[in-house]
Amino acid sequence: MDGEVKKQKKHQQKHSGPKAEKKKLKKPGGSAEEDERKRNPKAFAVQSAVRMAKTFHRAQDIKTKKHHIPLVDRTPLEPPPIVIVVVGPPKVGKSTLIRCLIKNFTRQKLGDICGPVTIVSGKKRRLMFMECNNDINTMIDLAKVADLVLMLIDASFGFEMETFEFLNICQVHGFPRIMGVLTHLDSFKNNKSLRKTKKNLKHRFWTEVYQGAKLFYLSGMVYGEYQTQEVKNLGRFISVMKFRPLVWQTSHPYVLVDRMEDLTDPEKIRTDPKCDRTVSLYGYLRGAHLKNKGQVHIPGVGDFQVSDVNFLPDPCPLPDAQKKRALNEKERLLYAPMAGVGGVVYDKDAVYIDLPASHVNRLQEEVRPTTELVQSLIETHATLDTKMAASKVSLFSGSATLDPTDIGEETREQHGLKEESVWDPTSQRERRKVIFTEEDDDVSGESESEEDDDGEGSDQAVDDVEHSQADCKDKAAGGAPPAKKQKGEARRTESSAELPAFADSEDDLELNEEEGETGTPGDSGHSSEEEADEESEDESTEDEGSVSEDLGKRHSERESDEEEEQGALKWKEGLQQKAAEAFLRQQAAAPNLRKLVYGSVVEAQESEEEEEELGGLFRVSRPQQSKKVQANTLDCSRFHPDTFHNWDVEEMLDSIRDCFVTGKWEEGHDAATLLKQDEELYGDFEDLETGEVHMSHAENSENHDDEDDGDEEIQVKMDDDEVQKNKRLEKKRRLKERFDAEYDDGDATYFDDLKEEMQKQAELNRAAFEDMDDESRVQYEGFRPGMYIRVEICSLPCEFVTNFDPHYPIILGGLGSSEGNIGYLQMRLKKHRWYNRILKTKDPLIFSLGWRRFQTIPLYHIEDHNGRHRLLKYTPQHMHCGATIWGPITPQGSGFLAVQSLTGVKANFRIAATGVVLDLDKSVTIVKKLKLIGYPFKIFKNTCFVKGMFNTVLEVAKFEGAAVRSVSGIRGQIKKALSSPTGAFRATFEDRLLMSDIVFLRSWYPVSVPQLYNPVTSLLLPAGQKDSWAGMRTLGQLKRDLGIHNQPNPDSLYKPIVRAKRHFNPLHIPKELQKALPFKSKPKQQQPKGKTPRDLQRPSVIREPHERKVAALLQALSTVHNYKRKKAHSVQHAKHKEFLQQKEKDEESKLKRQREAKKKLYRVMGQMDQKKQRSSLKGAPKDD
């Protein structure tokens, strides 16, 4: 055993499965299947054409079933938050699930779930959670606006009626995405029963929603919350889920209100508490574009006119809309104003900041405000010149930074800046004049020096205005005392060492803009997007273009250095340049007048020559100079000192001469050159099929004219011709490729073409107003979906504000142009199969149609084969019928549902009927059957006179020729009216009538639809009673409530039928007939039995007393004997029964033994037969 080595098991490589497939693909030879197909193609050929056709058809059917009708994608670039409605019966865990999902996405805990809760779930998606309570009004309203429904089901109890009610509501109003969530799974102790319950609930859920609908399982709770991993999985599914646009939602604008403010004058409320209120409602706009001054419907309140709409900054913005790409804890990830969470709340003219108590305590400890402006005012430790001295400037991206001292020395050495104090008599003050020394060499020539001189003059002119404005400001502010200046200088080192988190002043912001992306400590990173674009696109041009600003800043920095050396009393020397800088800042920060007046600004485009003049080193591409509308361009009403030029100088005129037609353009852009190129491009061409080249006449003439040119020129021209020829060939090739791509579609189908068309339409819709700013765009197309808007509505009932409950949703549903009108609607209606009562005509029903919930009186009818719409008294079972109502005009094809009562919670299914709108006019006439009865008063052979059916001759004349009928079934026709009695007429019949017959005429009478439209105002009810709205009662409810009993018609009551006994005469057969009858049928002449004579009657026997005693004794003995015999018989019967049972058992055991014996016998016989077979197959033995 020791010598034997244990053999290791060989590794078995996988020949099938995903791992083996990956290895086959990695091999250089490719997959083995392809080799086999190449090696033996016949083995993989089609074996049966019929089977292949069936397989192909099945695959195509499956592929086609997956197709949806492609719709134009109208979702905006920044879509509104996805509305997630959490639905379920009471105590199933709705609020707990919302809290867990909010904690999963935002790491924050929310106490009471009131109203919509908006959170940021990722870089591209926001979610809005809304809890749906058990009120059917809330269920109907939220089903219309939901994008995703989380349907909670108590697994320990099973499906409840609320779940099926909500599913049916969703089916009517456009089916949103639905995900089921099973809770209370921890109540199952047995694993087998848990699995069985899950399977049953899942298949029932699939029956109601669709096969394969997602059903989540929340197995249990830990410390009052669901398990983290399960909530995370649910959150992942929600984050990546795609939504199909619903027709009603995409065609109507709507707002799920997340905040409500009462704007009514308090004095008006004090004097009249019941006055109508002016209310502003806030929320994200969804669906279609909303126009101002439109009409909206608030479900549960009514129709209203919008008085004003504004769009506000997004209170819960997406992270990619900001500069930072990653989500951090300080961003507003959770916004729920009705629940008291939200941070900053924007209004039309104000911003409200809600600081919780814990936040306030922390702020008091740190004493650091959160806004940049307040902190910059509080923590200003250094003055302007100190900050300028500490700042560093980088002229080009990636270059070394320059200190103020270096810049000062360079400016002194290169430009030779000097200062001279000059007294200005006009302004009565001493002014500091900058003198430029001309000792240095002029590299750029004479023209450049002249332009610099002109720039100095313009800067000096600007300094006058700037300095005067700065002086005015200083006088108004009272100026800064010298002592404070010294204190500031003593702390310069500290301020330069510790820089603030964001800029302490506007100067720092300017420095940050100049530095760009160099990452200096003073960069706050809070600049706007447009400023960031300008920095990135023309960073170098800005640095070169702002020469006067740089010079001024260098000069101020040099002055600040001198102040440090000479003391604090020379602070006045830098005032002129500081005033210039302040003026420039004021110009940059002042509002754009063009934008304020006209609402849009066209960007001023600079020529390329101006860039050359300012930069001189390189040309920068400027995409923002295209035909886009910029919001912060220069205003024509404002003077900018850098744009001033002296146009009397010849060099300045030369710089813009090329902007005109007469100027000398570049070779590629000259007018003559372009005309020549056009002639060459379109004059001659090459036929690609024949290869023949057709030359233009102009080119031929040129060739004849230029034959005498030198060889070098001919060579250059040939090269140009070759280049042009290649260009033309490339252009034709591209055109041919485009043509082929358009018409040679290959595998493209009609469905693909439809999808491509919808995609193009969606791109066109997005690009229509893409370049406009929001204020101008809103005036053209209205407020687009995704905006956070503020809607102001006047004349709202005061109960809406006083009885406001955030647990009930407020929806602003936009109405179309004709949807505010009320008229007749034709519908197709079917009583719900789960509703246990049939519906009666003219009983009031509460309809949910479009955005509205209203009560009306429907008339049910059915269309006969001849097109007549016959009134029905009750709705038919399991069949559609027509219905006509008086209600709001709603587009055709809109689904609706009907309930009989909204009050309380019913034990049974509440949805009474569902259907769809067919028509919007009163073209259908509903008629009901009317029977007119008459009586004949004079009868002839086939003609009779009838009275009592009509009252006047005119009525008879109207019904001449009408068909009448008698009760016995004889048909007839009305002929003509009689003169007397009034209303009588002559009629002809198929047969003779009797005087006891009744004649009736069957006619059709038009029925008018009752004009009742009673909107459900459930939101106006007090809190706690919003589910108890009661409208018009049915006739049965009225009689039941008032205790009224029906008074029946006496003729309609059932009476006992009393029939008199009929006496028939005896049958008399004549004697002749009796003779002819057979004996069997002849009447037998039987004598009636008479009385027995007295002598034949037997006499009665009267016993003696002794005989009576003997008879009684014998009777008693016989009774005892009979009882004993009966008892013995029953005992014998019981014994016999037991005997039979025992016998049956014995028989069974006997049969069992026989079966076992037979089995053994047959087994032995079978074995013997097998042995014989084996021996016969092997052959006879050798002994034989």
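Note that Cβ sites are derived from N, Cα and C of the backbone, with glycine treated the same way.
Pulled from TrEMBL:
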type	residues	note
COMPBIAS	7-27	compositional bias 'Basic residues'
COMPBIAS	437-463	compositional bias 'Acidic residues'
COMPBIAS	464-476	compositional bias 'Basic and acidic residues'
COMPBIAS	486-495	compositional bias 'Basic and acidic residues'
COMPBIAS	504-517	compositional bias 'Acidic residues'
COMPBIAS	530-547	compositional bias 'Acidic residues'
COMPBIAS	605-614	compositional bias 'Acidic residues'
COMPBIAS	1078-1090	compositional bias 'Low complexity'
COMPBIAS	1092-1106	compositional bias 'Basic and acidic residues'
COMPBIAS	1124-1136	compositional bias 'Basic residues'
COMPBIAS	1137-1151	compositional bias 'Basic and acidic residues'
COMPBIAS	1152-1162	compositional bias 'Basic residues'
DOMAIN	79-244	domain 'Bms1-type G'
REGION	1-44	region 'Disordered'
REGION	399-573	region 'Disordered'
REGION	603-626	region 'Disordered'
REGION	1073-1106	region 'Disordered'
REGION	1124-1184	region 'Disordered'
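This prediction places the mean pLDDT of the domain 'Bms1-type G' (79-244) at 91. Per-class residue totals from DSSP over the compositional bias 'Basic residues' (7-27), listed helix then strand then coil: 9 helix, 0 strand, 12 coil. Break the compositional bias 'Basic and acidic residues' (1137-1151) down by DSSP state and the numbers are 15 helix, 0 strand, 0 coil. Helix, strand and coil counts under DSSP for the compositional bias 'Basic residues' (1124-1136) come to 13 helix, 0 strand, 0 coil.
With helix defined as DSSP H, G or I and strand as E or B, the compositional bias 'Basic and acidic residues' (1092-1106) counts 2 helix, 0 strand, 13 coil.
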